[in-house]
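Before any comments, here is the structure.
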Ligand code: GLN
Ligand code: ZN
């Protein structure tokens with residue numbers, strides 16, 4: 001008999017109940033007890049959903065009020081000492097302080113804290129997902145202890161409801177790996193022994209509570225690990241094996257590769273593998289895994305929203321079921337945290353696209369159908385199998401998915417389509433003449449403050465309460481305001497301000513063919529923040545210009561150059577749910593051609609400078625280094641396709657933020673943008689050093705101030721940063737701009753900061769002239 005389970009379930013609730021409860025709690029509208037009650041109710045519902053789908057276990061330990069890694073920080077007793085919590089501060093309040101910090105903004109009224117703000121834990125991306133976890137901090141003084149009973153209470157809650165409980169824990173090696181040293185020269189690896197001792201205590205206590213299975217997640221087994229870390233697995237798991245419950249070691253997100261045998265041989269009772277991301281390894285795992293161990297196959301895609309092709313899944317599972325003599329479990333490939341809650345009540349998707357999808361609730365149900373098929377009980381799920389097969393067949397042959405014109409366009413791509421006509425040096429010379437900009441030209445990254453009036457107008461327009469003409473007038477008024485302000489400030493290359501855009505991906509997706517949008521397809525990004533990624537279901541094409549009208553309107557208001565503003569293909573792909581029926585690189589290239597059409601149309605409309613934002617290039621990097629090269633080649637090629645339909649006189653900008661660039665500089669150079677603007681101010685221009693060492697050939701605008709804070713930087717600060725930048729990059733190639741778009745800021749601080757920025761540019765120009 002096959003068993004079914006899930007590695008984890010979305011926490012937010014069907015209607016994002018957790019988000020709203022958290023935000024009420026943070027505003028002081030509900031107390032901790034009320035918040036706890038809502039959390040308990042959500043867990044209860046989510047376990048019930050697992051029971052309804054006939055799963056053999058209810059998974060406990062995946063719930064978190066903010067983040068599961070933060071839960072482990074508290075359970076393992078390693079809250080960083082810098083928070084200096086008073087002894088009687090309640091657990092939940094400490095938790096939210098670690099997650100959100102205590103802000104005492106400069107000049108903030110009644111602030112008695114001077115400069116000792118309490119910064120939140122750093123947040124970073126959970127592997128290659130768009131979920132962000134809170135980063136544990138380690139130093140020589142880090143001690144571990146079993147410091148929270150939250151997990152045990154949740155176990156008791158589930159048991160009381162009559163569930164067969166499987167607990168999920170983040171494994172000790174992954175927990176340690178995901179943290180950061182906060183002390184020079186300290187190696188967190190040295191903390192392993194003391195950490196293991198606390199994991200043992202946790203396991204003993206779970207056993208004592210009557211828990212039979214503990215799923216222990218070690219996703220780092222899918223990374224390129226240093227030898228020392230790999231070697232630590234065996235002894236660590238020998239130590240944990242003594243303690244009690246049966247351990248199901250769970251891996252996901254990428255192939256195990258050289259760690260496959262290691263994973264199969266660890267002294268645990270079962271192994272979960274991701275058969276969606278690493279289908280090719282399934283046979284190897286079935287060969288290597290001893291018969292007494294449980295094999296859990298992650299067969300339903302936990303990272304994407306497509307309905308499972310049951311016949312393909314069956315064909316993959318059958319030989320494994322026959323070969324593996326031990327118990328077989330089936331599950332989603334990873335936690336369902338990364339997909340929306342349910343399709344039920346989804347009103348924005350059309351019926352056809354909807355029939356191709358499965359969200360978390362539907363994925364649980366797919367396990368039930370698959371299990372029946374595997375166990376020879378097909379007749380019990382006959383009707384469901386018919387529906388599932390019909391949907392998969394319809395999607396495969398739908399003309400909405402496959403378009404001959406798009407295929408033809410890609411097939412006709414010739415060498416050179418991804419190259420500008422001339423070299424950068426030749427383009428630069430032409431552009432210098434055309435734009436006649438001063439040295440160290442100033443610009444901004446695209447968006448200006450998204451005021452409440454702007455948002456209200458957009459919402460009213462979407463709801464049909466505002467007609468198109470009135471909406472256009474309102475947006476044009478915002479554009480006019482932005483242009484006037486930039487002219488008054490003395491900025492050299494202007495932007496229209498992006499007032500009409502809700503989001504840099506959704507705005508384009510809504511106007512492109514092949515994209516669908518949900519009403520309620522929310523996925524947790526961090527804490528209470530959720531995102532609603534578009535779904536790319538079909539071949540991508542651009543039926544009509546998307547930005548030309550707004551941009552030319554803006555240009556008509558000024559003699560200064562107006563920069564067109566687009567989102568690049570890699571970023572659009574990265575922040576969407578992507579087709580699983582063709583390689584990601586093909587979808588990216590389709591988007592690239594659609595955006596290229598827009599670039600060409602902007603040029604035709606007289607726009608001479610066009611920025612194509614690619615903030616997500618770095619975060620799209622695969623988890624395994626071995627496949628970086630092919631990803632980066634595809635990504636840079638797609639960018640160049642978007643940028644290469646224009647003449648040498650047209651200046652192409654790109655923008656990237658929050659990234660470590662140093663290990664991908666050759667590829668950034670291979671994008672061959674005439675100008676790149678990047679975030680550097682938070683690193684005090686250190687990020688730029690790599691560009692200098694690498695002798696990055698094209699022009700660069702290193703961000704001179706952090707737009708994430710309302711603080712107004714002084715002219716002197718920005719002058720200092722630019723002087724530093726000029727030591728690594730030739731001044732003739734430098735631009736001056738903020739770190740990123742200004743949409744989250746207010747106008748007063750934006751104007752003050754930009755005025756200082758322009759003053760800094762002027763001061764530096766006169767210094768240059770005098771030199
Ligand atoms: N052009 C966008 C803006 O200014 C860029 C946003 C981003 O880099 N994330 O808002
Ligand atoms: Zn940015």
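A Cβ is built for glycine as well, from the same backbone N, Cα and C atoms used for every other residue.
Among the candidates 125, 462, 695, 724, the residue that TrEMBL annotates alongside 16, 17, 18, 19, 529, 530, 575, 619 as binding 5-methyltetrahydropteroyltri-L-glutamate is 125. Binding of L-methionine is annotated in TrEMBL for 445, 446, 447, 613; the matching candidate from 498, 500, 660 at the same site is 498. Summary of the site annotation: TrEMBL records Zn(2+) binding at 655, 657, 740. Screening the candidates 633, 679, 717, 767 against this entry identifies 679 as the one listed for that site. Our reading of the 5-methyltetrahydropteroyltri-L-glutamate binding annotation (16, 17, 18, 19, 125, 529, 530, 575, 619) yields a largest Cα to Cα distance of 29 angstrom. For residue 498 (L-methionine binding site), the same-chain residues 6+ apart in sequence whose C-beta sits under 8 angstroms from its C-beta are 446, 447, 448, 504, 565, 741, 743.
Cβ neighbour counts within 10 Å, taken over all protein chains shown, single out 657 as the most crowded of the binding-site residues 530, 657. Sequence-distant neighbours of residue 125 (5-methyltetrahydropteroyltri-L-glutamate binding site): residues of the same chain at least 6 apart with a C-beta under 8 Å from its C-beta are 131, 132, 133, 619.
A mean pLDDT of 95 is what the model gives for the domain 'Cobalamin-independent methionine synthase MetE N-terminal' (4-323). Least crowded of the binding-site residues (613, 619, 679), judged by neighbouring Cβ atoms within 10 Å of its own Cβ: 619.
Within 10 Å of the C-beta of residue 445 (L-methionine binding site) we count 27 further C-beta atoms, all protein chains included. Candidate recorded positions: 16, 655, 708. Fewest other C-beta atoms within 10 angstroms, 708. Spatially, by CA atoms, the binding-site residues 530, 655, 657 include one closest to residue 613 (L-methionine binding site), and that is 655.
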